[in-house]
Amino acid sequence: MKINKWTILSAAFILFGLAGAANIFIHGEHAMGTTNKIPWGILIAGYEYFVGISTGLLLVAALGYVFHVKAIIPIGKSLLMFAIFSLISGFAILLVELGNPLNFIHYFLTPNFTSPIWWMAPLYGIYLMLLVTLTVFVVRENESLIRPLAIMTAISALVALICIGFLFGFIIARPYWNGPISPLYFILTSVFSGIAMASVIAYLHGRKKTRKNLETVKFLRTLSLSMMGVMVVIYIGKTFVGLYGQVPGKYESLLALLTGPLSFNYWVLEISLAIVIPFVLIVSAHKLSAIKLGLAGLLSLTGIFFMRFNMVIAGQITPLKVVKNPAEETVFNLFSVTWSEWALIMGGIGIMAMLYLQRELLERIIKHKPATELKRHGDVTL
């Protein structure tokens, strides 16, 4: 394994994440920014972010392995491997957020089949199992089994995303989350994050300007612009419906995003980074540019993280009330993020990066290459 600056940086991120996890395990909820009024914080958003990237990457890869889109095939293997790495990061963050891993024993012994939270574990477990199996078949080039397994994995990814959508959409007490559109929202935003990460991966592959790489960049450019258009429609629809309907709870949460305590996160860190700046970068390129596409993807990924964070916090920032007094001034619950929580998010990024840097070693292990053929592993120069 070659140790370079990126390996050292990834290891530093992981160590910082471990320090944050240790602080949370030692001090419990006091080390986190969650409160009784806002019980779900940035770690829930981080979990959604990483699993969203994973399922999004799988769905993008499915375009190649299910629908035979040739432009995806050159990076398909990397998309699948990164999907696994991202899912591992998401699971690691959720494990710390739960506080006591032993609670899983009670979870399995007393199942609640009517709860979307209960279904998330088996559904994502099935998805992970199928994803790993599909990746092994792709690495070993078992052509006859790739397409049917890719179909099953894509279906499992969609079902898992729908389950997360139900988890938020079923919560009647949180009007901002509640509604039938929530599953569709999670599917579309996950695809958006998958396209953004695929753009970064395409840049890493596209430094050698081969014909196949150029086709990949061109296809992802079109896909990115199309998905940005879809997201703009979603934003406009949610905003106008929320402002016009003025549904108690949902209206105040929307105000918190547009002009309230979340407005900077919303306009600068979410809208600008996820859509506006990447759109300008891609459109302004006079010719196909893997560098600009990769940078646009990286900016979108940053904005999508704050999209997840804003969604989680906005749903809880409005105080719970049985009946709202029209004459009462709108107030918002206070929220904060501690260093331990930021450390865990950075640790998740470090896990993804470290595993990706060692993907060549993992590929050789999957292929069962003898020790004499293992020359250099994880030789990635970024």
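Quick reminder: no glycine exception, Cβ is built from N, Cα and C everywhere.
Here is what TrEMBL records for this protein:
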type	residues	note
TRANSMEM	45-67	transmembrane segment
TRANSMEM	79-96	transmembrane segment
TRANSMEM	116-139	transmembrane segment
TRANSMEM	151-172	transmembrane segment
TRANSMEM	184-204	transmembrane segment
TRANSMEM	225-244	transmembrane segment
TRANSMEM	264-283	transmembrane segment
TRANSMEM	295-317	transmembrane segment
TRANSMEM	337-357	transmembrane segment
- Message: How about long-range neighbours of the transmembrane segment (225-244): same chain, 6 or more residues beyond its ends, C-beta under 8 Å?
- Response: 185, 188-189, 191-192, 195, 250-251, 253-254, 258, 271, 274-275, 278-279, 282-283
- Item | Criterion met for the transmembrane segment (184-204) and the transmembrane segment (116-139) (at least three Cβ pairs under 8 Å) | no
- Message: When you look at the transmembrane segment (337-357) alongside the transmembrane segment (79-96), do they share 3+ Cβ pairs under 8 Å, ignoring any pair fewer than 6 residues apart in sequence?
- Response: yes
- Sequence-remote contacts (6 or more beyond its ends) of the transmembrane segment (295-317), Cβ cut-off under 8 Å? 37-42, 44-46, 48-49, 52-53, 168, 171, 174, 176-177, 189, 192-193, 195-200, 202-203, 224, 252-254, 256-257, 260-262, 265-266, 269-275, 277-279, 281-282, 332-333, 335, 345
- Message: For the transmembrane segment (45-67), I need the partner stretch with the highest count of C-beta pairs below 8 angstroms, choosing only from 116-139, 151-172, 264-283, 337-357.
- Response: 151-172
